[in-house]
Amino acid sequence: LNNFNNFHRKEELQLERHVQQVPYRTTVWCADPSNGFKCPETKQEFFFNYSSFIHEFFFVRIASLLIKKVKKVKITLAFIRYGEKISYRSVPKIVTKYVKQCCEGYQQISNNTCIPLCDPPCWRGVCTAPNNCTCDAGYGGSSCSEDCPPFYWGPNCKIPCDCSHGAYCDPVTGICHCLAGYTGKHCRIPCDSEHWGPSCAYRCLCQNGGACNPVDGSCKCLPGYTGPLCLEKCEQGKHGPNCIYDCKCQNGAHCNEKDGSCLCLAGFSGRFCENRCEKGFYGIDCSGKCGCYNENECDPITGECLCVGFTGKYCEEQCPRNMYGSNCSQKCNCVHEAHCHPITGSCICPQGFHGKHCDQKICPFDRFGVKCENECVCNSNNTKLCHPITGTCSCKAGYTGAACNSLCPIFYYGENCDKKCDCNLNTGSQCDPFNGKCICAAGYHGIQCNEKCTEGTFGVECKSYCDCRNGASCDHRFGICNCTAGWRGPQCSLRCWGGHAGVGCKTCNCTNGAGCNPVTGECICPAGWHGPNCELPCSKNRYGLLCSQECQCKNGAACDSVTGECSCEDGWAGLDCSVPCPSGDQMACTNECPCIHGICVNGSTTCTCRPGYTGLLCAEECPFGTYGEKCSGKCKCELGCDPRTGVCLQCPAGWSGASCEQSCLPEMWGAQCSTHCACTAHAECDNIDGTCHCYNGYTGKHCENECPIGRWGINCSQKCNTCKNNGKCSPIDGECRCEPACGEGQWGPDCMNECKCASDRKICNSISGICHCAAGLKGDLCNEYCPDGFWGPDCAFKCSCEMKNSKCQAITGKCVCKAGFTGLLCDKKCRKGFWGDDCANICNCDKKFCDPVIGCCDENDYRCRSLSIHCIFAFSFNADISRSRNNANLNINTLSLNPSILSR
């Protein structure tokens, strides 16, 4: 209900249904062509028509209408009208309609065609009459749901198959699908020898005459072959088809892989080669006849005579003495010159001996003679046997002499000293007199001592490991490091001192305070200097490092070669002296400008800063790490540099120089190289922390101590081998320095030989006679002094002195400075006010010139550079001299020097 103006009204109406049955006649269509496809009977049908309508009334508003089929329909209408009524009625309507209908067993489809019905439906066929299926080829049964049974094909499976040998017949087409081994339309043709499989579709792959199975293609191999394709020959020991039989051949005979027959090796015969050749025969089928003498047999294979107790091609010669057995290849075990049986090797002892090997004397060890009545004179420790009849001494290996008192002569060894050593004498090796083994000198190894120690090892038997750094090579004998350019110290771990470079850290030829590259020696010039040796000042218009910057000074101003600052002439001012002073008054140039480290531009208050300064008033130094004009330079120092020049203000410990590129001088170390080293002459001082790096043979905080007994090498880190016969281990190279077995100056058997060494003590090897040179000497006879630059025993060590300024003491290696030089390595000139040897003398020359070599010189003394004479002093000479102060020309006919003066 809808509410309008608080007035509500509801009416219910009931719609009556009027049903009237109307008979009518219709014709049914049948599948009967004789009657025009019409059925003879007529069918009665009733058609019900229901209708309703609304009788119109004035201003009727229908709110809703609901009509239900056939049954009574309740219609609820909502409307709004005061005093109005709606009425309804149902009017039956009769309609006549004719309908075509299929016969029983048929079904009408959309185009008014009747088709037959099959129940159940035809699955693989067509329904051609009610419940009658015509099946597709390959199918049968009432509903075409069954496959054709075997041996039938076609529609409804009515056609019998015509296939042979069990071939499969296609139920649709009737085509025969042959089983393996047959082909042809009806599968009646067997596969030929080259094909196999269903319809003979595959080609056979059998090799070596193998037969192919037409069904599965497998190969049946001929005798002698096997494998899936008959590719493999029978392995040794097998034969026959597919190699299924075991061979029966013996003694290595070859088995024929086809029939198993045996091909005998030489020396055998028989069906299976089971028989060795009979004595006296050899070869294939034992057809050869032996020709050996002395009842010796021959090899059944080669026919070679197998001699026992005899030798020669046909065993025609008896074994030589001390040999016996097969081909006389065995050595008799008999001693004391006893004979042995050539066949059995049994010993036939001479008079005075007995035992299996004739090794037992009838007399006691120290007696001889027919009745053992004589006493032997042999040295019992070195003697193997005193002959029981003759008393002759047979020495043990390594000894010789009538009484076996002497060692074998040099380079001989063994029993009777009859074997020569096979050692390389040029490497200083020795030979063990007992077994001949080579005893290599330090630095060599190998059976013959031919090979130097491999890189990284050194010393006796090359057992020590080198500790050389920075690319240094190691001496294979003593482990001494040969430093590469720019390095020094026992282990080449220290940089060359400042002002030194190259191999051996030689003095650089740089001037004016320049440093140098420690490797190449190239000079590193300070600001204001250039040239190969930094000997040239910057030209007038250049300044700074390497004179690389151009001066900006104008109007005749001088340019500082280090900082580039301009010194203005009177009347000019400004950073580059380009600003004229008012009225030429120099004082006026100094007033009013507020720039602290700069100049005012064109009389304004704008500042142009001098190198090293920055800021509005040029009051601030360049920031840390920069320097120069506009602070554009980058410092090369870790701890900062001069803001004007770029020179390092403070170097890391161990370094100095404008760019901190120079290592401290030898005796200095630490920050600013200000601390004196405490190391002895047996060490190098570390420029950074002052640590003493000891040379071979020394240890201690300052390398003041020799290695303790049993140790050697750098920091005494190596352990000595055990030296025998009171020998001592060298703390420098680890070699055993043997005490002479003979008296001093003697060597050889019975110490009968005299050492040829030229040194005072004439110390030589008591066995070989090789001289042991004292420190400062070398050569085979120790008759040569060490050359300049070397020292120690055999001159094995290289001096580290600055050789042009000093002499290296050949015994200790100490540097002895020439006059005018000082320092551990004599690489420093005397300081001002000192002169003489090691700069030990103080100058007392008043206003005279003090020469660092000879001291004071007066005005009559001259320096003659062309003769390398610093000052002619305290000697007399007779000469014709033409000279001038500016250009000295000397014509000297005779010259006599006072020997007390040493000058160059």
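Just so you know, glycine gets a Cβ as well, placed from its N, Cα and C.
Feature annotations, reproduced from TrEMBL:
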type	residues	note
DISULFID	C221-C230	disulfide bond
DISULFID	C264-C273	disulfide bond
DISULFID	C298-C305	disulfide bond
DISULFID	C483-C492	disulfide bond
DISULFID	C525-C534	disulfide bond
DISULFID	C609-C618	disulfide bond
DISULFID	C694-C703	disulfide bond
DOMAIN	196-231	domain 'EGF-like'
DOMAIN	244-274	domain 'EGF-like'
DOMAIN	274-340	domain 'Thyroglobulin type-1'
DOMAIN	458-493	domain 'EGF-like'
DOMAIN	501-535	domain 'EGF-like'
DOMAIN	585-619	domain 'EGF-like'
DOMAIN	669-704	domain 'EGF-like'
Contact between the domain 'EGF-like' (458-493) and the domain 'EGF-like' (669-704) is defined here as three or more C-beta pairs under 8 Å separated by at least 6 residues; is that satisfied?
yes
With DSSP assignments reduced to helix, strand and coil, which class does C298 (disulfide bond) get?
strand
Counting only residues 6 or more past its boundaries, what in the same chain has a CB within less than 8 Å of a CB in the domain 'EGF-like' (458-493)?
440-445, 452, 501-505, 517-520, 683-684, 686, 693-696, 713-714, 718, 721, 732-736, 796-798, 800
Take the C-alpha atoms of C483 (disulfide bond) and C703 (disulfide bond) and report the distance between them in angstrom, rounded.
20
The answer for the domain 'EGF-like' (501-535), taking Cβ pairs under 8 Å and residues 6+ beyond its ends, is 483-488, 495, 543-547, 561-563, 645-647, 656-659, 661-663, 798, 800, 802, 804-805, 827
Restricting to the same chain and to residues at least six past its boundaries, which positions have a Cβ under 8 Å from a Cβ of the domain 'EGF-like' (244-274)?
222-225, 233-234, 236-238, 282-286, 299-302
10 Å Cβ neighbour count around C703 (disulfide bond)?
23
If you measure C305 (disulfide bond) to C273 (disulfide bond) at Cα, how many Å is it?
23
To the nearest Å, how far is the Cα of C534 (disulfide bond) from the Cα of C298 (disulfide bond)?
96
Average pLDDT across the domain 'EGF-like' (669-704), rounded to a whole number:
85
Counting distance between Cα atoms, which of the disulfide-bonded residues C230, C264, C618, C694 is nearest C298 (disulfide bond)?
C264
Rounded distance in angstrom between the Cα atoms of C703 (disulfide bond) and C273 (disulfide bond)
86
Which one is it, among the disulfide-bonded residues C221, C264, C273, C525, that lies nearest to C609 (disulfide bond) by Cα separation?
C525
Quick one: of C230, C298, C609, C618, which of the disulfide-bonded residues has the smallest count of other CB atoms within 10 A?
C618
Integer Cα-Cα distance in angstrom, C230 (disulfide bond) to C264 (disulfide bond)
27
Below 8 Å Cβ to Cβ and six or more residues apart, same chain only. Which residues does that give for C264 (disulfide bond)?
C249, N251, A253, G270, C273, I284, D285
